[in-house]
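Colleague: After the structure tokens below, expect a handful of questions from me.
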Amino acid sequence: MPITQIISASDSEAGPKPSISLVPDKPSEPETSPRHHRLSRSLSKFKRWRGRSNSSLSMGSSEQQELQDSPNEARSDDDENGYNNDNADDLAKSKYMMKSIAGLLTTASVYAGMNNAQEMNVLSQVDSEESDSSDSFQENIGRNEVKSKKENLKTKSHPEVPRLDKRKPTLFDFSITREKLSKDNVAKLRQRFCLDEQEPFLNDFPAWLLKDVLVQGHIFITTKHFLFFAYLPKNPRSVKMSGNLNIRTKLIRSTRYWCVLKNHLFSMYTSSTELYFPVLTIDLREVQKIETQKHTLNGSATKTFKLYTDESTFKFNADSEFSAKSWVNALKKEQFAAQNSENNSISLKIPLPNIIEIDDQPIVNKALTLRLRALESSQTYAIDDFMFVFMDGSGSQVKESLGEQLAILQKSGVNTLYYDIPAKKSKSSFGKETPATVEQKNNGEDSKYLNVPTSAVPSSENGKKSRFRFRERSNSWFRRAKPLEDSQVEDVEEIYKDAANDIDSSVHSTIHIHEQEDSQEQTVAWKPSHLKNFAEMWAAKPIHYRNKFIPFQKDDTYLIKETEEVSANERFRYHFKFNKEKSLISTYYTYLNRNVPVYGKIYVSNDTVCFRSLLPGSNTYMVLPLVDVETCYKEKGFRFGYFVLVIVIHGHEELFFEFSTEVARDDIERILLKLLDNIYASSAEGSNISSASLGDVQHNPDSAKLKLFEDKINAEGFEVPLMIDENPHYKTSIKPNKSYKFGLLTIGSRGDVQPYIALGKGLIKEGHQVVIITHSEFRDFVESHGIQFEEIAGNPVELMSLMVENESMNVKMLREASSKFRGWIDALLQTSWEVCNRRKFDILIESPSAMVGIHITEALQIPYFRAFTMPWTRTRAYPHAFIVPDQKRGGNYNYLTHVLFENVFWKGISGQVNKWRVETLGLGKTNLFLLQQNNVPFLYNVSPTIFPPSIDFSEWVRVTGYWFLDDKSTFKPPAELQEFISEARSKGKKLVYIGFGSIVVSNAKEMTEALVEAVMEADVYCILNKGWSERLGDKAAKKTEVDLPRNILNIGNVPHDWLFPQVDAAVHHGGSGTTGASLRAGLPTVIKPFFGDQFFYAGRVEDIGVGIALKKLNAQTLADALKVATTNKIMKDRAGLIKKKISKEDGIKTAISAIYNELEYARSVTLSRVKTPRKKEENVDATKLTPAETTDEGWTMI
């Protein structure tokens, strides 16, 4: 399918202008509304400080859960400690109007876009007359740089780039690195397929067997047989995919859940942080069919897909067609693996004389299909069809090799069917499924079934599920052919079994084929009765089960009867969709205390603690892996006569269970502690903290590349998921034939550039070309890491200087800011376009504060991503980082802050941007609706521990983890610093870091004196990084105005990844990078925010219980905060848990995987923004394209 057709119908239609409202319940009102003039006035009412409360960040519903606040001991009351006393002085108060970079842009853009306050209510986003008139306000101010660059510009003002629909289709060239079969492997294959020693192997080829999924394997051709062998992907306990989906029901139109695909279970949760309480769980072993819903008119894919089981049909809505297809592919692969979970390989053995027809047909470029029709057996004479796909063009070689060997057999006197029997029509793989005979010679049992969903055609139509089975040869289900005179015709064997011991001795598994059963008999139809066994429920005694993990005495009074034990275990597995590996140890009747007590039954198995509510109308389930449990302990009951057990979970709130008898409470505590001891003893690293909120596909670039390849071949009409062979002898990996050219565009400070350098280094390792586009002052920093650099104008230091040198708002400041900002933004727009147009990037990743990328990618028609460190996406979970309220105000307010910021930000730059689009880019004017900013793939380089993905985030919004740039390997600490650290340790003193960056304060000396006094009172050693001063750019900022005592060392800038592990606590301004570095080191963190997103991260650090947010900084408040940070054990332990979680994240790898995942979607979003047709003279002749423009994008499977 051409990429031009992969556009959502809703995206291709024009809609109304963006809207905004000042009423939380109605966040939508046109920008041209009379109320719009109140926006700037409303901004001044939003305080830049947010007070803390014990409630979680709200989404307007109790379903949205965030990381819980730390216990009261860790979050001491502000008044008691005094570090947030409202009456105290704030010596760190900015002398001037300090803002963050994006905040500066917002404020100045309002000034520039609204030159006259009386015209605010009549400004229009796309009115060229007003933008032109405002341009003439000071037309020549700040334009000298742009003018000189225009004169030297050799390229045309309008870009001549090929349209997406004019570019050549993607070329897929698959190949697998071949290794010669060793004697050991040949021997195992002979044993596997029961071959004679005198039967040599002639050839082997990589191939794909087509069923409901495309299974990668190998074809082997011997002198007598055609063999196919493939390892089924193993089923590790890892998340395969996760994200937000809407579930549609008859009663409730649509409900949004966080969905996780793991093993054979597809589970739904209320949020990404509540992963122990599933709302709905679907067992893929019971799923009959998975399909994408099609449009009734044109048959194109929609955002909806369905899962069919024997009892129900589940309907899901994804955020895009790409997301729906990704979910369907992932679910089909897991369904195939789950329904063959007791087997880890597929084998196919076809005697060469049985082959009737070999037909090859090209499909996509080099890809080729090979249909092989063979006689099933001498008993039934049914004809089976097998479809193979070759991605590297080797299919013709397979056909040629088979033809040559068949000719040799014919000459030697063997009767073959290849030429004797003409091809006849049969039910082939391109029609309905034909059940194939499957035989296992080494197993004497018959009537064995194995469920394998089969599909025949590479299309969206799914066939019915057929059963491949071991059956008697006397069975005559198939059409009989005329008997042949050759009585030596062998049978075709299609074997699904455990091949670990046959092929690879390093993989251990047991061959096990389950008995034939009716599908309705396989699922035990239990109907739980809440009124059954009332005696047991009221007695509330423990129930023990025989097991090999916790042995019980034979005379145990709580031991269940052997006759009831099997049915009890089966019911347990049925309720929680477990496999046979789970076995019960004990059960209890209890109350689960969360918001309200819920009565139910708790189940303890060998590695899981589960809970199921028993009250009518209640549907609470809990599945808690024991590896996530830290410990458990007894507590007094909340009610008289009840006894409480507290289960402590890593990085999660404690769970409280109330038991009516002390015996039951003590018994479950004893069993849980013993199981935890066994887990810790079996793991060399102790307990593993699982993170089920992040999918394996997000961490594994190979899985992401496979998804990108699936997206590309789906666009060609070949809609089938791929399963990679996990053969230990043939390593398979995917990488592009073409090296992509990435442009990383950002503006701001060093903290804005550094994450892009880390991402760029990761992309270079993937074999891509990377250019970082930013300010000239970072050239040496970027190039020192081996990354190409391009300079753009628009250095925000000039604008910041203007802001901090004017002590108050006045007419002079507004006029000066307006004039300088207009020249500043013009230079940024022009130079950014020149760089991107000259470099011909394939993909652009931009910080949204740079403002220009979304327009440049529309002109160049390339995929566009955004990446940032703070909340920039519309959500009800978090407020915008620059409009953080003084207290939590709920989901409606949070959403409103994003709408408000977007409109104000766009209002200030729309006039210049639209003029630049028309005159330079050759595009039409635009507005917020046409830009579709909320549809752009977004990467947040923040840990999901600090910034959990919201339930209302779209599928293309990814919280990847921090992009750390480790410099500690090259850093050599000065001797003075090492001696200082050693002295603190030798004296047993706590060591803290204090640094606030280059900020401007009212009285630098007074602030330094307060800091010294606080350190002395807290009795700690301090490594100081002084950067504050009374004027921006002051060269004396690094020098101290007062003499420092012996326990304070002013050392200047030191790499955080080296320094922070050396200290016990950190005090800083709360920037995203610094916050990530301190939490990565497991440090209790004290944050004194000054502007922008620093307030947001101060609140988050306090919310998760690993630090303190200071409203005001003076000697007393800082001293109190230092004492808490260095002595509070609960805060220290919680910071250690956060450290473990962050250490398991790989933000760069996850980001690269997300880029691969969303690349085709990003391309479609860019294309959908192209609304204005180009002029005829701007059309590009495909024959005149540069080599870079005509290069095919290919992927190689190695």
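Placement of Cβ uses the backbone N, Cα and C atoms for every residue, glycine included.
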Colleague: Among the residues S242, S682, S693, S818, which does Swiss-Prot list with the feature phosphoserine?
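Modeller: Comparing S242, S682, S693, S818 with the record, Swiss-Prot tags S693 as phosphoserine.
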Colleague: In Swiss-Prot, S749, R750, D752, N1053, V1054, H1056, H1069, S1072, G1073, T1074, D1093, Q1094 are given as binding UDP-alpha-D-glucose, so which of N1025, N1047, N1114 is in that site too?
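Modeller: Among the candidates, Swiss-Prot records only N1025 at this UDP-alpha-D-glucose site.
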Colleague: For the candidates S28, S76, S131, I need the one that Swiss-Prot annotates as phosphoserine.
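Modeller: Checking Swiss-Prot against S28, S76, S131, the phosphoserine entry points to S76.
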Colleague: What are the DSSP helix/strand/coil residue counts across the domain 'GRAM 1' (187-236)?
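Modeller: Across the domain 'GRAM 1' (187-236), DSSP assigns the residues as follows: 7 helix, 26 strand, 17 coil.
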Colleague: Helix, strand, coil residue numbers for the domain 'GRAM 2' (570-636) per DSSP?
Modeller: 10 helix, 38 strand, 19 coil
